[in-house]
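In case it's useful when we look at the structure, here is the feature table from TrEMBL:
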TRANSMEM  B:7-29  transmembrane segment
TRANSMEM  B:35-55  transmembrane segment
TRANSMEM  B:67-88  transmembrane segment
TRANSMEM  B:157-174  transmembrane segment
TRANSMEM  B:203-222  transmembrane segment
TRANSMEM  B:242-263  transmembrane segment
TRANSMEM  B:270-295  transmembrane segment
Amino acid sequence: MLYRENGQFKTSYRADQQIFPIAQDRIAIGIILAIAFIAVPMLASDYIFRAILIPFVIMALAALGVNILVGYCGQISLGSGAFMAVGAYGAYNFFVRFPGMPLIPALILGGLCATFFGILFGLPSLRVKGLYLAVATLAAQFFSDWMFLRIKWFTNNSDSGSVSVTNLQVLGMPIESATSKYIFCLAILVVVALLAKNLVRGAIGREWMAIRDMDVAAAVIGIRPMYAKLSAFAVSSFIVGMAGALWAFVHLGAWEPAAFSVEISFRLLFMVIIGGLGSIMGGFFGAAFIVVLPIVLNQFLPAFMGIFGIEVSTAGVSHAELMIFGALIVWFLIVEPHGLAKLWSTAKQKLRLWPFPH
Amino acid sequence: MAFFLETLIGGLMAGMLYSLVALGFVLIYKASGVFNFAQGAMVLFAALAMARFAEWIPKWTGIDNPIVANLAAFVIAGAIMFVVAWLIEKLVLRHLVNQEGATLLMATLGITYFLEGLGQTLFGSDIYKIDVGMPKEPIFAFDTVFQGGILINKEDVIAAAIAAALVALLSVFFQKTSTGRALRAVADDHQAAQSIGIPLNRIWVIVWCVAGVVALVAGMIWGSKLGVQFSLTTVALRALPVVILGGLTSVPGAIIGGLIIGVGEKLSEVYLGPFVGGGIEIWFAYVLALVFLLFRPQGLFGEKIIDRV
């Protein structure tokens with residue numbers, strides 16, 4: 001009853017083309033932002049920040065980037081972990097080698113390194129399609145694993161590629177406490193999400209979607225496949241690289257190449273598929289699901305098995321976690337192959353007619 | 001020269017073993033269009049089952065003969081792989097017919113996690129060994145031609161022979177039996193095959209069973225080489241460039257691709273590795289495959305991809 005667009009007449013093109021054309025949506029987004037920026041920092045504990053909220057925000061950012069490539073442009077990528085690694089080590093190099101380099105420009109430069117790397121490994125997409133491309137992007141993954149382990153220059157000559165950063169500041173304010181880290185990441189996420197939303201509903205986003213739906217047909221109507229595909233790789237790897245830099249700088253603090261292994265690429269792909277391909281909202285849902293699920297399993301599995309009198313060892317818990325994680329993903333794909341975003345839009349559709357569905 | 005030949009032969013042997021894993025990918029992709037990421041997990045699962053049953057059977061039954069124990073373990077592990085294949089078809093694939101490639105890929109990734117967890121829960125997560133009595137000592141060949149001869153690992157030769165025999169067996173099965181013909185029909189066109197009365201679900205179960213047996217043989221050989229442990233799953237990642245190089249739909253492609261990748265890896269590691277710090281084996285295979293793909297996007301022997309609007 002509350003969620004109706006009746007009586008909201010658009011009198012200008014501007015009003016017709018806004019991101020949230022329905023007034024209730026705008027109010028809801030305002031409330032969510034207020035909760036995220038004001039209420040959550042006041043209520044959440046240090047553990048919740050470090051274990052759930054910060055990883056969630058950064059992974060949502062990365063998933064957003066992956067979604068642009070996989071969901072909007074249809075190029076399956078298993079190399080997202082590599083783009084994160086390049087972003088992280090790129091930002092690290094700028095941060096360490098140029099004394100006095102502020103944090104935000106370092107992050108952006110890291111993202112630009114990832115962009116360059118992404119375009120380089122996006123070149124095969126001009127020839128290779130579908131699953132062949134997915135395997136080809138693994139080349140980026142293994143190359144970056146090797147590069148940061150073996151080429152000492154990238155890691156400032158540290159052993160085994162493990163590096164750390166300290167003394168993070170933004171505009172003179174230290175990013176030390178969990179709350180400030182959370183707010184910083186969230187601010188970046190909001191800005192990038194807004195940019196991404198506007199990109200995908202603009203001309204270039206439409207080109208990406210045309211390429212995704214049928215690349216030959218898109219080329220026939222005058223979309224340049226090379227420009228569209230490489231721009232998707234560039235934008236996507238920029239965002240993923242920024243997320244990687246945040247993950248390393250803000251969440252981990254000290255890291256080594258193994259932090260960005262092929263495992264993280266798989267998880268990012270899970271996020272976009274479970275969240276919903278081709279939907280900005282989807283990335284958030286997927287990230288929340290994948291970040292929270294292992295923590296929930298880890299917390300509740302021993303207690304749950306205890307009810308049946310079964311003692312579970314730590315190794316047993318991690319194995320059971322793998323099994324449940326795998327089974328849930330399969331179940332999810334079967335039940336809702338279009339992802340959580342689809343459930344969300346179905347719910348909204350239902351809500352518009354509620355309580356009189358006919 | 002002798003050293004070069006030694007590296008070359010070592011590469012060819014390793015290549016045969018890659019093809020064995022790659023074969024599992026190709027079989028399933030050909031028949032059902034599923035890119036089966038779980039092949040590596042299946043290799044681990046089968047190897048774990050085999051290793052543990054070979055250990056348990058003498059304890060339970062008191063039979064001390066290692067050949068009997070190994071044979072029984074092989075049969076039991078094979079049966080377990082059949083059950084796994086049947087369950088995967090029944091519980092997962094049947095419900096995902098007509099989904100996009102990416103969704104199916106993700107589903108097999110889910111299966112990967114599940115099998116890794118299940119295998120280690122059932123069979124334990126230590127390092128086990130499979131001992132099927134493969135000779136370990138090296139032999140020296142061509143010692144009349146080169147001084148000192150060429151060192152060849154006997155174990156590798158036997159493994160390569162087993163792989164070759166399996167491939168020959170599979171090609172006979174595909175070409176000569178009626179089930180094989182049905183499999184090829186399904187691979188060509190699902191709908192046409194269904195319309196002439198080939199039961200798709202049964203065909204898929206058979207294909208997954210065959211892939212399970214291939215995984216078991218691969219697991220046995222790799223397991224006796226490296227020991228049965230979690231890192232066996234990475235063998236699948238090593239075999240992926242083989243598949244795309246050879247073409248996702250071609251059995252001979254998997255063999256030739258395996259040989260090329262095996263030789264390329266070994267030669268690059270020996271002759272190129274020292275200049276860039278070593279350890280380049282794993283990405284070199286991928287980059288090699290990538291370069292091939294730039295010229296032939298469907299792989300060496302894959303079916304030509306024709307796009308229609």
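Yeah, the Cβs are placed from backbone N, Cα and C, and that goes for glycine too.
Curation does not apply to TrEMBL; its annotations are automatic.
Can you tell me where each of these features sits in this structure?
Sequence-distant neighbours of the transmembrane segment (B:35-55) (same chain, 6+ residues past either end, Cβ-Cβ under 8 Å): 21, 24-25, 28-29, 66, 69-70, 72-74, 76-77, 80-81, 84, 88, 101, 104-105, 108-109, 111-113, 115-116, 118-120, 122-124, 128-131, 211-212, 215-216, 218-220, 222-223, 228, 230, 232-237, 239, 248.
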Sort out for me which stretch, of B:67-88, B:157-174, B:242-263, B:270-295, has the most Cβ pairs below 8 angstroms to the transmembrane segment (B:203-222).
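Most Cβ pairs under 8 Å with the transmembrane segment (B:203-222) come from B:67-88.
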Give residue numbers and ranges for long-range contacts of the transmembrane segment (B:67-88): same chain, 6 or more residues beyond its ends, CB-CB under 8 A.
38, 42, 45-46, 49-54, 57-58, 111, 115, 130-133, 205, 208-209, 211-213, 215-216, 220
